[in-house]
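Record features (Swiss-Prot):
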type     : residues : note
REGION   : 1-50     : region 'Disordered'
COMPBIAS : 7-27     : compositional bias 'Low complexity'
TRANSMEM : 57-78    : transmembrane segment
TOPO_DOM : 79-86    : topological domain 'Extracellular'
TRANSMEM : 87-110   : transmembrane segment
TOPO_DOM : 111-128  : topological domain 'Cytoplasmic'
TRANSMEM : 129-151  : transmembrane segment
TOPO_DOM : 152-161  : topological domain 'Extracellular'
TRANSMEM : 162-186  : transmembrane segment
TOPO_DOM : 187-194  : topological domain 'Cytoplasmic'
TRANSMEM : 195-221  : transmembrane segment
TOPO_DOM : 222-262  : topological domain 'Extracellular'
TRANSMEM : 263-288  : transmembrane segment
TOPO_DOM : 289-309  : topological domain 'Cytoplasmic'
TRANSMEM : 310-332  : transmembrane segment
TOPO_DOM : 333-342  : topological domain 'Extracellular'
TRANSMEM : 343-368  : transmembrane segment
TOPO_DOM : 369-386  : topological domain 'Cytoplasmic'
TRANSMEM : 387-411  : transmembrane segment
TOPO_DOM : 412-421  : topological domain 'Extracellular'
TRANSMEM : 422-442  : transmembrane segment
TOPO_DOM : 443-532  : topological domain 'Cytoplasmic'
TRANSMEM : 533-551  : transmembrane segment
TOPO_DOM : 552-569  : topological domain 'Extracellular'
TRANSMEM : 570-593  : transmembrane segment
TOPO_DOM : 594-600  : topological domain 'Cytoplasmic'
Amino acid sequence: MPGDRGALSSPAASSGSPSAAPSGIAACPPPPSPLARASPQASGPRRGASVPQKLAETLSSQYGLNVFVAGLLFLLAWAVHATGVGKSDLLCVLTALMLLQLLWMLWYVGRSYMQRRLIRPKDTHAGARWLRGSITLFAFITIVLGCLKVAYFIGFSECLSATEGVFPVTHAVHTLLQVYFLWGHAKDIIMSFKTLERFGVIHSVFTNLLLWANSVLNESKHQLNEHKERLITLGFGNITIVLDDHTPQCNCTPPALCSALSHGIYYLYPFNIEYQILASTMLYVLWKNIGRRVDSSRHQKMQCRFDGVLVGSVLGLTVLAATIAVVVVYMIHIGRSKSKSESALIMFYLYAITVLLLMGAAGLVGSWIYRVDEKSLDESKNPARKLDADLLVATASGSWLLSWGSILAIACAETRPPYTWYNLPYSVLVIVEKYVQNIFIIESVHLEPEGVPEDVRTLRVVTVCSGEAAALAASSLGSQGTAQDGSPAVNGNLHLQQRCEKEDQEADWEGATGTTRCLDFLQGGMKRRLLRNITAFLFLCNISLWIPPAFGCRPEYDNGLEEIVFGFEPWIIVVNLAMPFSIFYRMHAAAALFEVYCKI
C-alpha cells in the first residue's frame with residue numbers, strides 16, 4: 001500500500017537516505033546536533049578526566065630529572081676529585097637507586113602475577129622480540145663484566161672499600177631482574193595504580209641513564225689515559241699531561257691476572273653502555289604508554305625473511321671484515337711513532353670515506369624508490385616509533401658536533417699535516433651520510449606495511465565526510481553493501497573512486513612518463529628485493545662503524561689538529577661529551593634498520 005510504503009520510508013528519510021545524496025557522492029549521515037553533544041548521555045570522554053594523569057606525568061618527569069641531575073653532579077664531583085666525594089660515595093648512591101628500582105619491579109611483577117587472568121591491553125609495537133633478544137645479549141655481557149669486577153675487587157681487597165664489591169653484585173642482580181621484567185612487561189599498557197607506576201617507571205629510566213653515564217665516564221677516563229700515554233710516547237712537551245690514575249695503592253696477587261682483568265673490563269664496557277641505554281629507552285616507552293588508549297587497528301606481524309639479500313649481505317660482511325682489519329692495524333700502529341701514526345690515520349680516513357660514500361649512495365637510492373612508489377604514510381600515534389626518530393636525530397648531533405669541530409680546525413689551523421686533506425672529506429661525509437640515513441629510516445618506519453587491505457586504503461581516500469560523521473558513514477556503507485549490492489550509496493562511492501583514479505591517471509600521463517616507467521620496473525618483488533638489500537647493507541655498515549670508536553679507534557683523539565686549535569682540555573671535553581652519542585647512534589640505527597628490513 002502507498003500509505004504503508006510511506007510510513008516505512010520516513011525513518012530512513014529522517015536519518016539521511018542514500019537516494020537523497022548528490023549524484024556520484026557517498027551519502028554522509030548528518031553530524032550530531034550541539035544539544036546531543038552536550039547531553040550527559042554523550043559517549044565522549046570528559047575534558048577534566050585526564051587532568052590528574054597529566055599532573056602525575058609532569059610530577060614524575062620532574063622527579064626523574066632531579067634524580068638524574070643529582071646523580072650527574074655526584075659523577076662530576078668524583079671525576080674532578082672533589083673534596084669529600086670518593087668512589088665509594090658514588091657507588092653507594094647508585095646501589096641505593098638500583099635497590100629502590102628492584103623493590104618496585106618485584107612489586108609490579110608480583111601484582112601482575114596475581115592478576116594474570118585479567119585481559120590487559122598491549123602495545124604491539126613496543127618491545128619487539130629482536131629488541132628483547134638484543135638486550136638479553138648485552139645483559140649477559142654486562143653480567144660477565146660484573147664477574148670481572150668482583151674478581152678485581154678480590155685481588156685488591158686489602159685497599160678497596162666494600163662498596164666496590166657490593167656494587168657489581170647488586171648490578172648483576174638488577175640486570176637479571178630487569179631483563180626478566182622487560183621480556184614479560186615491555187608491551188604492557190598500565191591502567192591501574194597509574195600515578196604510582198609513573199614514578200616507578202621513570203625512576204627506572206633515570207637509574208639506567210645514570211648507570212649508563214657512570215659506564216661512559218669510566219670508559220672515557222680509560223681512553224683518555226691511553227691517549228695521554230701515546231702523546232707522552234710521541235714527545236708532546238707543549239701539552240700539560242697528567243694521568244688520571246685510579247689504580248689501587250696496594251699489590252694484587254697474582255699481578256698478571258689483575259692486569260688482564262683490568263684490561264678485560266674496559267673491553268666489555270661498550271656492551272654494558274649499549275645495554276643501559278637500550279633498557280632506558282624500552283622503559284621510557286613503557287612510561288609513555290601508561291594510561292594510553294590503544295588504537296584498535298589491526299597490527300601486522302613482522303616476519304623477517306632472509307632470502308634474496310645476497311648482494312647486500314656480501315657487501316656488508318665485506319665492510320665488516322675490512323673494519324676489523326683496519327681497527328687491528330690502527331691499534332697496533334697508532335702512538336708507536338709519528339710516521340706510523342700518520343699512516344694509521346690516513347688508512348682509517350680512506351676506509352671511512354669509502355664506506356660512507358657507499359652508505360650515502362644506498363640511502364639516496366632507497367629514498368628515491370620511496371619517492372617513486374608514493375606509498376601512503378601511517379600517521380597513527382606510536383610512542384616507540386616517535387622515540388626512535390627522536391633518538392636518531394638527537395644522537396646524530398654528537399657526530400655532527402665533532403665533524404664541524406674538525407672542519408673548523410682545518411680551516412683555522414696554521415700548519416696542516418698530510419692527513420688533514422683526508423680528514424676534511426671524512427668530516428663532510430659523516431654529516432651528509434647521517435642526514436641521508438635518518439631520512440631513509442624515518443620514512444621507512446612511517447610507511448604503511450605491505451599487508452594493509454586495499455579496501456582500508458580506498459576508504460581513507462574516498463570518504464568525503466568529516467568529523468564523527470566519517471566513522472558513521474564507513475559503518476553504514478559496509479552494512480548497506482551487504483544488504484543490497486545495488487545500493488545508490490555504494491554505486492556513488494565506487495563512481496567517485498573511479499573518477500579520482502581517472503584524474504590521477506591523467507595527471508600522471510601529463511607530467512610523469514619517466515616515473516611510470518620506473519614504477520613498471522620497480523613493481524612487487526624487484527622493489528622489495530632492492531630495498532631489502534639496501535637495508536641489509538646499511539645494517540651491517542652501521543655495526544661496522546660502531547666497532548672503531550667503541551674499541552678505542554678514535555681519530556678525533558689522535559690526529560692532534562683539533563687539540564692545537566681549540567686547546568687540549570676544551571677539545572677533550574667536547575670529544576668525551578659527543579662520542580657516547582655518536583657510538584650509540586650507530587647501534588640504534590642498526591636496530592632501526594633491522595625493524596625496517598622486517599617491515600619491507
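Glycine residues also receive a Cβ, built from the backbone N, Cα and C atoms like all the rest.
When the stretches 87-110, 129-151, 263-288, 387-411, 422-442 are ranked by Cβ pairs under 8 Å to the transmembrane segment (195-221), first place goes to 263-288. When each of the listed stretches 263-288, 343-368, 387-411 is scored by C-beta pairs under 8 angstroms to the transmembrane segment (422-442), 343-368 comes out highest. Of the candidate ranges 57-78, 129-151, 162-186, 570-593, 570-593 has the most C-beta pairs within less than 8 angstroms of the transmembrane segment (387-411). Mean pLDDT, taken over the topological domain 'Cytoplasmic' (594-600), works out to 84 on the 0 to 100 scale.
By the count of Cβ pairs under 8 Å, the stretch nearest in packing to the transmembrane segment (570-593) among 129-151, 263-288, 343-368 is 263-288. Each residue in the topological domain 'Cytoplasmic' (111-128) gets a DSSP state, and the totals come to 4 helix, 1 strand, 13 coil. Here the transmembrane segment (263-288) has Cβ contacts under 8 Å with residues 60, 123, 126-127, 131, 134-135, 138-139, 141-142, 144-145, 148-149, 152, 175, 178, 182, 185-186, 188, 190, 198, 201-202, 204-206, 208-209, 211-212, 215-216, 218-219, 222, 383-384, 387, 391, 550-551, 580, 583-584, 587 of the same chain, all six or more residues outside its ends.
According to DSSP, the secondary structure content of the topological domain 'Extracellular' (412-421) in residues is 3 helix, 0 strand, 7 coil. Residue counts for the topological domain 'Extracellular' (333-342) under DSSP (helix as H, G, I; strand as E, B; rest coil) come to 6 helix, 0 strand, 4 coil.
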